[in-house]
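These notes concern the structure reproduced below.
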Amino acid sequence: VDISVSRITAWNSDALPIYEPGLDEVVKKCRGKNLFFSTDVEKHVSEADIVFVSVNTPTKTQGLGAGKAADLTYWESAARMIADVSKSNKIVVEKSTVPVKTAEAIEKILTHNSKGIDFQILSNPEFLAEGTAIQDLFNPDRVLIGGRETPEGQKAIAALRDVYAHWVPVDRIICSNLWSAELSKLAANAFLAQRISSVNAMSALCEATGADVSQVAHAVGKDTRIGPKFLNASVGFGGSCFQKDILNLVYICECNGLPEVANYWKQVIKINDYQKTRFVNRIVSSMFNTVSGKKIAILGFAFKKDTGDTRETPAIDVCKGLLGDKALLSIYDPQVNEEQIQRDLAMKKFDWDHPVHLQPMSPTSIKQVNVVWDAYAATKDAHGVCILTEWDEFKTLDYQRIYDNMQKPAFIFDGRNVVDEAKLRAIGFIVYSIGKPLDQWLKDMPAVA
């Protein structure tokens with residue numbers, strides 16, 4: 001259920017509101033049988049035994065904890081609505097990413113408005129990764145359920161565990177107390193983001209010393225204690241969770257009098273911001289220190305391949321950096337439309353995480369941005385090409401054709417290390433790949449302005 005009519009209409013149509021490999025098949029197979037989409041929120045909540053709450057939890061932009069703390073406005077109104085319409089006992093499950101101790105706040109709202117109804121709160125954090133969500137759903141590493149350590153709490157945990165046990169082996173269902181479940185989600189995302197920032201910090205050192213970050217990451221990842229995943233150097237991490245969850249973690253640490261711990265996690269975000277800035281500086285300094293009036297092709301706008309999601313995508317900061325230097329951008333992404341790109345480039349930080357109907361209305365489009373539906377149109381007459389998402393199709397483009405149709409010298413800035421730089425150099429491109437030995441051309445250029 002959702003209050004957004006347009007969203008529910010899309011879920012009931014042939015064009016689902018989000019792109020995720022495998023999602024169409026699941027929805028179309030079950031819709032109308034045991035899966036229904038409705039805007040009659042109150043009716044369905046009052047009839048339910050278990051209510052999953054998956055509302056937005058944006059970062060606060062003003063007031064106490066601005067820029068770090070989670071804004072629980074939507075959560076609170078959902079909890080009050082559940083209390084209002086409930087006529088029978090309910091298990092209320094936190095699915096949104098929430099700060100530790102949210103369950104306690106929600107519990108207070110529900111019990112103070114309960115009219116004698118018993119509410120049990122569970123934390124069941126979401127570990128699906130975009131692009132592989134359906135596979136993660138069918139075959140999860142683990143399912144985590146946190147609840148109160150009371151007989152009623154344990155009974156509620158068992159009820160939810162039985163739902164998952166229909167397809168998840170019971171030994172992969174972890175049960176914990178509420179706070180451990182809430183904190184585990186923030187911790188998991190912080191650890192993953194920290195791995196990306198670690199390899200990205202190394203990529204800057206690799207460029208300075210002539211090492212190759214792919215070779216370094218491969219050698220490091222062979223250590224079974226470290227493992228090979230999340231060690232690809234890139235222009236930076238994105239997505240709806242990493243930055244938000246770390247900021248949340250930082251805020252909780254500060255509130256609990258742990259400034260050293262807060263500073264440790266802050267550094268993960270600082271390195272991510274540094275990586276995006278460094279990438280823009282490389283582009284500008286290689287192109288004779290100015291991109292003003294030059295056409296630059298942006299290949300990929302989503303934060304990673306196999307999703308249309310652009311929340312916190314590094315492409316936003318890279319594009320804004322280039323627009324600040326008056327570049328003309330031509331953007332192509334196979335899954336992101338022009339309206340979304342224009343919204344992202346015009347929106348203020350953190351606005352993206354509010355429900356769509358509460359976001360600023362369609363902003364005036366940015367004149368220096370042209371969104372096209374093919375990589376060849378994007379790169380025609382361009383001075384430089386930036387690859388910002390690792391879509392598979394970017395590996396197999398006809399780069400000779402692209403080179404022939406570009407201004408010379410023709411530059412490629414590979415923010416995802418998807419191209420074969422030796423082949424591209426043989427064609428005639430000046431290539432910058434993150435963390436790889438630098439072209440002679442780039443060696444004398446300052447990496448940081």
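Backbone N, Cα and C atoms are what each Cβ position is placed from, and that goes for glycine too.
For reference, TrEMBL has these:
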BINDING   Asp2, Arg7, 55-59, 96-97, Glu130, 241-244, Arg311  NAD(+) binding site
ACT_SITE  Cys241  active site, nucleophile
DOMAIN    297-421  domain 'UDP-glucose/GDP-mannose dehydrogenase C-terminal'
Composition by DSSP (helix, strand, coil) of residues within the domain 'UDP-glucose/GDP-mannose dehydrogenase C-terminal' (297-421): 42 helix, 19 strand, 64 coil
Segment confidence, the domain 'UDP-glucose/GDP-mannose dehydrogenase C-terminal' (297-421), expressed as mean pLDDT: 92
Nonlocal residues around Cys241 (NAD(+) binding site), in sequence order (Cβ under 8 Å, 6 or more apart): Thr97, Asn189
Which same-chain residues, if any, lie at least 6 apart from Gln243 (NAD(+) binding site) yet have Cβ under 8 Å of it: Ala193, Phe237, Ile269, Asn272, Glu312
Tertiary neighbours of Val55 (NAD(+) binding site) (same chain, Cβ under 8 Å, six or more apart): Tyr74, Trp75, Ala78, Ser96
Cβ-Cβ neighbours of Thr59 (NAD(+) binding site) (radius 10 Å): 20
Number of Cβ atoms other than its own within 10 Å, given for Thr97 (NAD(+) binding site): 21
